[in-house]
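Residues annotated as active site in TrEMBL: 453, 455, 595, 597. The feature compositional bias 'Basic and acidic residues' is assigned by TrEMBL to 409-419. Under the heading domain 'ZU5', TrEMBL lists 307-463, 464-605. Annotation comment: TrEMBL describes 797-882 as domain 'Death'. Marked as region 'Disordered' by TrEMBL: 409-431, 891-917.
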């Protein structure tokens with residue numbers, strides 16, 4: 001039902017097009033209020049003929065109030081007034097609300113006003129002047145802060161259409177049932193827990209939407225709505241519905257999904273127009289009775305560690321938090337028998353991930369099994385993702401794979417960590433705890449969706465998509481982010497209803513001018529249209545695009561205007577200007593097509609623009625990145641490789657340079673989302689591990705702009721490091737690892753060619769080994785041994801710790817927890833070294849040792865942690881090393897004469913006992 005207000009506004013715009021000079025659109029560009037005040041001051045004659053006015057509420061509140069005060073005096077014949085926010089979007093693609101909080105009382109003088117749209121504003125009460133608009137037929141109040149509606153609303157004599165979705169309504173006025181003209185009522189996405197019985201008096205009501213509220217029951221008077229054709233009640237808490245609904249003579253669609261219904265009249269159970277998914281109707285028990293609702297009000301909660309890859313769910317339901325931070329909520333009755341769920345996080349390989357040309361991946365791929373099982377009620381799923389960069393007209397969606405194809409789910413973005421529900425009867429708004437792999441200071445963002453079966457899931461940032469169902473009678477599709485973009489489907493365009501979708505992408509003017517070297521060049525937004533069903537429409541469809549910025553339809557040089565069409569599957573751009581009839585108005589260009597693809601309007605002096613369009617389209621999808629190669633300060637054989645967007649390089653280096661050092665980042669290069677590349681160590685340095693992402697000694701990468709693109713590897717060399725330091729390098733190349741990687745000399749010659757695969761080369765230096773103690777020295781590197789403890793009670797050197805790390809194996813997480821390593825740190829180590837067990841152990845042990853170096857009792861804490869983890873063998877080895885150290889210390893004391901011996905021969909100076917942890 002969210003598309004209805006947009007279509008109503010579009011219908012008003014179409015009516016204005018039929019009567020030139022009656023429409024005034026001032027919501028397309030900033031400063032609309034000042035322009036209207038200027039017109040009202042001049043009082044031109046055409047202003048008196050205006051019947052349709054659109055004004056953005058993203059203005060200064062004082063200026064907006066002053067402008068609206070002039071409307072009744074200057075626009076005497078106004079029939080449609082759109083004071084709508086939502087033109088601007090936040091970083092996550094959500095529409096931002098306008099500044100409107102009330103209306104001036106003078107607007108009650110608009111005697112001819114029939115359509116009023118106040119959506120996406122900050123209204124908390126309905127302005128009093130609205131109740132005096134006796135010609136008002138359509139009132140749109142969605143996405144405000146209304147907590148109640150006035151009783152007098154039911155007295156408006158001409159009101160036929162009322163929508164107040166996405167507000168805070170807790171009750172409805174009883175007098176609303178007295179309206180004899182109301183035909184469409186949409187109150188979805190509110191907080192209603194009851195409906196007054198008087199609602200049954202709406203004798204003309206055809207459509208009623210009460211979805212996504214908190215309704216537990218419905219009045220029996222709903223059976224008196226004899227004109228009702230559409231009734232939407234999904235996502236409530238209903239346990240029953242009035243029996244009389246089955247006897248409504250005109251009812252064609254009844255949506256009861258995702259409630260708590262356990263019993264329905266047979267007439268509704270068998271009716272083809274009733275949707276019942278997500279209700280615990282289930283099969284009857286062996287004794288013939290309907291299974292009772294679960295009585296235990298406490299919902300089980302599970303918190304899984306990373307060594308588990310499955311969990312069990314019962315018909316009672318549960319809330320589950322995976323170690324990666326993924327959160328699932330199984331409502332009571334979602335399954336009928338106990339079930340084991342398996343899960344796995346996959347690396348986002350291009351063969352698995354499905355991305356559109358302008359999509360960005362925000363998460364890894366989550367697989368939940370079994371795939372084929374259908375749940376009785378929808379399961380809620382939360383996926384954690386990194387905050388995306390601020391991009392206009394984009395939205396976050398969860399994408400899932402089903403029947404061999406990927407599709408987008410209805411997704412809600414939550415910025416706060418959800419809380420678990422108090423009981424199974426509460427609305428499912430659970431919030432997972434902070435068991436995640438992200439830094440504590442990062443924003444907490446979750447993508448929430450509801451699913452009826454399991455598959456693969458990932459989070460994607462895509463251009464805002466507007467969709468609609470095109471019936472044979474025709475319809476209008478408008479872009480929510482670009483008001484000037486719309487598509488008109490005439491009657492007879494299709495025989496059967498089909499779904500169409502629209503996406504719009506902008507290109508910065510400065511990038512285009514830099515590409516063309518032309519200061520006056522400009523382009524319209526890039527429009528992508530797609531459809532289901534037959535590839536061709538039966539009647540031409542009219543597409544409207546805004547003219548490029550700075551271009552007016554009254555003075556345009558048509559020889560410089562080019563309409564471009566991207567023809568699949570070749571992905572080439574064709575100039576079709578001569579093949580279509582391009583109709584120009586002051587702000588727009590209109591043309592007709594019979595099938596959909598990509599369309600782009602260019603204004604340039606260039607004559608052959610197809611090749612330039614291909615380059616510009618590629619520029620839209622490129623990211624400017626830098627590559628870094630850093631070595632751990634205490635272990636230069638541990639090398640960190642990362643590919644970063646240019647705007648993240650400085651912050652990342654500031655965070656890493658406390659533990660790593662290395663050369664400056666590479667020069668800026670460009671990469672596509674999902675592009676493959678690999679790193680090759682050269683000049684005597686090799687990868688010292690058998691890794692799944694290592695092919696012939698080359699480390700494989702896939703670039704995703706919003707993921708970390710980082711890998712840590714251990715390197716080795718066959719050269720003699722005791723004689724001198726090894727000066728090697730790591731080079732980055734595009735594409736997958738080839739069968740025959742060119743020799744270094746040949747690769748160096750290819751670096752200058754235009755189609756070379758080489759990206760960058762960074763130096764890697766392994767310092768010279770000094771003696772057998774494992775000390776390194778070299779220019780810029782001085783690595784002293786890490787001594788944990790003290791000589792008196794015994795100490796562990798870096799070599800001792802490496803020996804301990806080599807024996808821990810899979811038991812290292814237990815040891816880490818007993819050492820006091822926070823769980824979130826442990827999870828981060830697992831994530832950063834997810835393909836390298838040795839790297840996980842070394843990173844944990846040495847990071848802990850660095851933080852406890854010089855602290856009393858640190859060694860004893862390590863021994864105790866090993867014993868508590870059932871690793872007595874390693875603990876005994878550490879105690880033996882400590883005992884040997886103490887004997888050496890006592891012998892040195894005696895040799896220097898600092899401690900006299902007693903008659904029994906025992907030293908007088910005894911080592912003090914180690915401090916307790």
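Each residue, glycine too, has its Cβ placed from N, Cα and C.
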Secondary structure content of the domain 'Death' (797-882), with strand meaning DSSP E or B:
69 helix, 0 strand, 17 coil
Would you find the one among the active-site residues 455, 597 whose Cβ has the most company, meaning other Cβ atoms within 10 Å?
455
Which listed residue (453, 595) has most other Cβ within 10 Å, given these are active-site residues:
453
Distance check, please: Cα of residue 453 (active site) against Cα of residue 595 (active site), rounded to an integer number of angstrom.
34
Cα-Cα, whole number of Å: residue 595 (active site) versus residue 455 (active site)?
32
May I ask for the distance between residue 455 (active site) and residue 597 (active site), taken between their Cα atoms and rounded to an integer number of Å?
30
What does DSSP give as the helix, strand and coil breakdown of the domain 'ZU5' (464-605)?
14 helix, 61 strand, 67 coil
Taking only the residues in the domain 'ZU5' (307-463), give me the average pLDDT of this model.
78
